[in-house]
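Participant: Not my notes, these are from TrEMBL:
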ACT_SITE  Glu24  active site, proton donor
BINDING   Lys85, Val105, Ser139, Ala140, Asp141  substrate binding site
BINDING   Asp137  Mn(2+) binding site
ACT_SITE  Lys158  active site, nucleophile
Amino acid sequence: MTLLSYTPEIAEARTRGLPIVALESTIITHGMPWPKNKEMAQQVEADIRAAGAIPATIAVMDSQIHIGLSAAQLDRLAQTPDALKLSRADLAVALATGRTGATTVAATMICAARAGIEVFATGGIGGVHRGAEHSFDISADLQELAQTRVTVVAAGAKAILDLPKTLEVLETLGVPVIAYSQDALPAFWSRDSGLKAPLRMDQPAQIAASHRMRAQLGLPGGQLVANPIPAVDELPASMLAPLIETALREAEAQGISAKGVTPFLLRRIFELTQGASLAANIALVRNNARLAAEIARALA
Ligand code: PSU
């Protein structure tokens with residue numbers, strides 16, 4: 001049995017050199033409730049096709065890394081909320097033990113790179129959690145961006161995080177943080193974090209060119225393209241701020257830690273916004289998928 005299993009469509013796209021966009025699966029199992037999670041995954045795949053690229057949703061099932069999921073596999077995964085949340089540390093263990101695992105940004109980057117896929121769309125990357133000076137909770141996504149050559153399109157890092165510290169760590173790690181078509185770093189559900197992004201680019205073709213340039217320079221690591229949520233879909237940061245504070249206090253009081261923190265906060269903010277955060281989350285992932293498809297087309 002081969003380690004990587006491609007759907008026939010993706011196998012053909014690889015041989016023909018067609019543009020492919022990788023998609024992660026933790027957002028499906030741990031980021032959104034059933035059945036919206038499955039609808040989102042299907043919709044995002046359709047968006048990528050409409051933009052002229054081939055979607056490749058990545059997950060671990062039956063001791064294989066699946067590059068592209070069948071409708072039945074996607075359906076099964078979306079109803080497996082206890083799937084492992086896989087990052088660099090546990091990817092091999094899930095494969096060795098046959099457990100079903102959803103890939104985070106970090107694990108999806110590893111799998112995409114092995115499959116020769118250079119562009120990946122997600123919602124928001126993990127980063128430095130608030131209070132990290134005490135908890136040391138820093139997402140493995142940041143290290144992965146520093147070492148694996150995949151361009152990741154996200155709406156920045158999630159607003160539940162400490163964004164200034166996240167930017168500092170990315171700078172230390174040598175990861176280019178490129179805001180798309182604006183100067184400000186986006187803040188996931190909102191367009192503007194109040195922080196200036198280190199870099200700005202306005203053309204997908206130039207983002208593709210800088211991806212290539214890093215390889216020519218022999219630099220490891222990818223790029224983070226921070227794509228703001230469309231204005232019509234954004235939630236005001238001022239409305240979210242107190243709700244994020246409430247959710248963070250609850251997480252602390254309930255002793256939520258490690259991999260549990262982000263899913264807990266996303267779920268609580270979904271409840272506190274009466275579902276508005278989920279609608280925004282879906283809109284921003286779709287927006288990221290469309291931009292990722294344009295970058296993949298420029299690279300193909
Ligand atoms: N984007 C979303 N929702 C999510 C995620 C991204 O819109 O749930 C997932 C990604 O898989 C990312 C993970 O890698 O959240 C970050 O988790 P942590 O903070 O535990 O590293």
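Glycine is treated like the rest: Cβ placed from N, Cα and C.
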Participant: At a 10 Å cut-off from the C-beta of Lys158 (active site, nucleophile), count the other C-beta atoms across all protein chains.
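Facilitator: Here the count is 26.
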Participant: Those recorded positions, Glu24, Val105, Asp137, Asp141: which ones have a Cβ sitting under 6 Å from ligand 1?
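Facilitator: So the answer is Glu24, Val105, Asp141.
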Participant: List every residue in the same chain as Ser139 (substrate binding site), at least 6 positions away in sequence, whose Cβ is under 8 Å from its Cβ.
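Facilitator: Counting only residues 6 or more apart in sequence, the Cβ neighbours of Ser139 (substrate binding site) under 8 Å are Thr104, Val105, Ala106, Ile125, Gly126, Gly127, Val128, His129, Thr262.
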Participant: Can you tell me whether DSSP puts Lys158 (active site, nucleophile) in helix, strand or coil?
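Facilitator: In the DSSP reduction, Lys158 (active site, nucleophile) maps to coil.
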Participant: I need the neighbours of the substrate site defined by Lys85, Val105, Ser139, Ala140, Asp141. Which other residues of that chain put their C-beta within 8 angstroms of the C-beta centroid, in sequence order?
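Facilitator: Leaving out the recorded residues gives Thr26, Ser87, Thr104, Ala106, Ala107, Ile125, Gly126, Leu142, Glu144.
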Participant: Return only the integer: C-alpha distance in Å from Lys85 (substrate binding site) to the residue listed as 'active site, nucleophile'.
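Facilitator: Cα of Lys85 (substrate binding site) to Cα of the residue listed as 'active site, nucleophile' measures 17 Å after rounding.
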Participant: Looking only at Cβ atoms, how many others are within 10 Å of the one on Ala140 (substrate binding site)?
Facilitator: 16
